[in-house]
Amino acid sequence: MIQIGKIFAGRYRIVKQIGRGGMADVYLAKDLILDGEEVAVKVLRTNYQTDPIAVARFQREARAMADLDHPHIVRITDIGEEDGQQYLAMEYVAGLDLKRYIKEHYPLSNEEAVRIMGQILLAMRLAHTRGIVHRDLKPQNILLTPDGTAKVTDFGIAVAFAETSLTQTNSMLGSVHYLSPEQARGSKATVQSDIYAMGIIFYEMLTGHIPYDGDSAVTIALQHFQKPLPSVIAENPSVPQALENVIIKATAKKLTNRYRSVSEMYVDLSSSLSYNRRNESKLIFDETSKADTKTLPKVSQSTLTSIPKVQAQTEHKSIKNPSQAVTEETYQPQAPKKHRFKMRYLILLASLVLVAASLIWILSRTPATIAIPDVAGQTVAEAKATLKKANFEIGEEKTEASEKVEEGRIIRTDPGAGTGRKEGTKINLVVSSGKQSFQISNYVGRKSSDVIAELKEKKVPDNLIKIEEEESNESEAGTVLKQSLPEGTTYDLSKATQIVLTVAKKATTIQLGNYIGRNSTEVISELKQKKVPENLIKIEEEESSESEPGTIMKQSPGAGTTYDVSKPTQIVLTVAKKVTSVAMPSYIGSSLEFTKNNLIQIVGIKEANIEVVEVTTAPAGSAEGMVVEQSPRAGEKVDLNKTRVKISIYKPKTTSATP
């Protein structure tokens with residue numbers, strides 16, 4: 001634990017502890033380099049700092065997060081190591097997590113839930129295009145800023161933690177409520193697993209609770225692939241069917257029925273509150289699968305020892321064929337109740353055995369495997385003896401420099417310690433060749449010539465120092481903008497690892513961002529700051545009932561385009577504006593009351609612009625009081641503010657009797 005008030009990593013003054021996860025602590029700190037800007041510093045716990053697998057995965061996942069630059073993803077600002085402690089710094093979000101927000105405001109309105117889920121989907125779209133699957137999406141990992149902006153956090157870190165200690169089932173309890181059916185069955189998490197979790201989160205926003213709960217992780221996991229999703233509308237009647245259908249499709253148990261991508265889900269979500277989908281039917285999938293009824297695999301004797309004692313004893317007492325427990329020969333007329341009780345008891349025992357076997361099948365996907373022993377720190381001879389004793393074969397020996405592990409001792413195994421493998425599998429040993437490394441410094445902001453000279457002094461070969469130029473309006477030419485290896489990385493001189501320095505040069509081009517969904521005023525200001533001439537920014541308005549006025553609907557050129565500010569290339573932004581004209585519906589045959597209500601409440605025609613007249617002639621079969629004529633006709637465009645609508649109601653002539 002870091003002392004409050006301490007300056008950590010020579011840069012961060014620790015203010016207070018604000019979080020404590022399964023394997024890391026989170027502190028609020030002030031970045032002294034950035035004039036005291038508040039950041040959140042996440043530090044890997046001391047007991048995991050000596051675990052090379054945990055450290056390597058922490059660093060790898062942190063770098064992956066650093067590449068995700070998106071307004072709805074918590075931004076990583078720094079990664080490093082201080083006194084043997086792995087850490088990462090990220091933007092501090094001064095707000096609530098979505099779990100707490102739901103608890104205080106449930107159920108969320110349809111509009112707010114759609115807005116928040118839309119932001120989450122945009123964040124995950126970027127992650128998925130970068131090949132990153134979150135695997136642990138839940139409301140606790142979604143932060144809300146004071147203005148209601150959603151930001152996704154903890155990309156992959158939770159997964160790296162869980163893989164280091166597979167026996168810590170408590171770490172699963174926090175996210176099993178959002179676990180996809182395929183993950184519950186033991187399959188690898190995919191993009192569609194993230195989509196399932198977002199569907200469960202969406203359900204929770206609109207109802208105030210999770211759909212599946214129970215006393216244990218096993219009970220909850222079983223429900224994910226056995227129990228149908230409870231109806232959202234039954235609990236929250238204000239939810240339209242089109243919106244519930246988004247949740248139904250996102251949480252489909254079969255992958256073939258589920259959204260294939262977050263983009264597909266985002267498009268469907270965007271129109272879920274549209275008037276055009278008001279009469280949509282409920283989605284119903286056939287979720288039955290042969291996999292649900294297949295024969296249970298044979299359970300080994302070693303696996304049976306893991307069943308709780310009560311279950312194991314019950315299995316020994318069960319009979320071979322319960323259906324033959326009572327026959328004509330064994331029937332005793334003097335005590336029928338006793339035998340009926342015995343029969344029920346035997347059936348109950350058989351059921352318990354079946355349930356136990358089912359749980360073993362679910363929780364032990366590879367019942368014949370055993371965990372690889374942890375031989376880190378042992379000599380090669382000791383490690384070989386330990387592995388052979390566990391019935392593993394010895395594979396290749398590889399050497400690797402290490403700052404912490406003594407020469408000739410084991411750094412790690414491949415596959416890693418704790419990983420399940422079958423007996424007889426060859427296990428490779430990674431042996432320390434001693435110290436042959438140095439710590440990478442922070443080169444950003446320094447002159448590239450000085451950095452190159454420093455690296456050469458540390459014996460880094462010329463051919464491993466690569467310079468890449470990048471245009472910049474903000475930094476002086478020749479200044480290092482980025483470095484491929486973060487500050488604090490241990491650089492091994494025995495490996496041909498390239499160091500890439502991105503150096504500033506005078507800018508003439510910019511990368512266009514994704515402006516769709518953003519406010520046009522903000523985007524125009526941003527483009528001007530990037531030296532795009534105002535006369536080259538063209539705004540085209542387009543009516544929309546789905547997008548908020550002033551929001552960008554389309555852009556040209558598209559996101560990611562390299563734009564040369566020195567050339568007169570026009571940027572066109574299509575901006576949403578309020579709908580002022582619609583196609584006239586047909587009211588022929590409708591009642592006057594229905595027609596007026598529909599025109600005023602649904603179409604948006606002002607009551608003062610509606611004229612009702614009575615006519616005495618009408619087509620045969622017309623009922624009195626029904627609309628027989630309308631102007632404008634059905635399908636014609638009407639201006640909601642100017643067009644006058646004329647409705648003709650059939651009123652037959654009354655004939656008086658002749659005296």
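Please read every residue number as a count from 1 along the shown chain.
Cβ coordinates are placed from backbone N, Cα and C, and glycine is handled just like the others.
Quick look at what Swiss-Prot annotates:
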| type | residues | note |
| --- | --- | --- |
| DOMAIN | 12-273 | domain 'Protein kinase' |
| BINDING | Ile18, Gly19, Arg20, Gly21, Gly22, Met23, Ala24, Asp25, Val26, Lys42 | ATP binding site |
| TRANSMEM | 343-363 | transmembrane segment |
| DOMAIN | 366-433 | domain 'PASTA 1' |
| DOMAIN | 434-505 | domain 'PASTA 2' |
| DOMAIN | 506-577 | domain 'PASTA 3' |
| REGION | 541-561 | region 'Disordered' |
| DOMAIN | 578-651 | domain 'PASTA 4' |
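Within its own chain, the region 'Disordered' (541-561) has Cβ neighbours under 8 Å at 270-271, 274-275, 511-521, 523, 569, 571-581, counting only residues six or more beyond its boundaries. In this view, the densest Cβ surroundings among the binding-site residues Ile18, Val26 belong to Val26, judged by other Cβ atoms lying within 10 Å. Remark: Arg20 (ATP binding site) has Val26 as non-local neighbours, by Cβ distance under 8 Å and separation of at least 6 in sequence.
Counting every protein chain shown, the Cβ of Ala24 (ATP binding site) has 21 other Cβ atoms within 10 Å.
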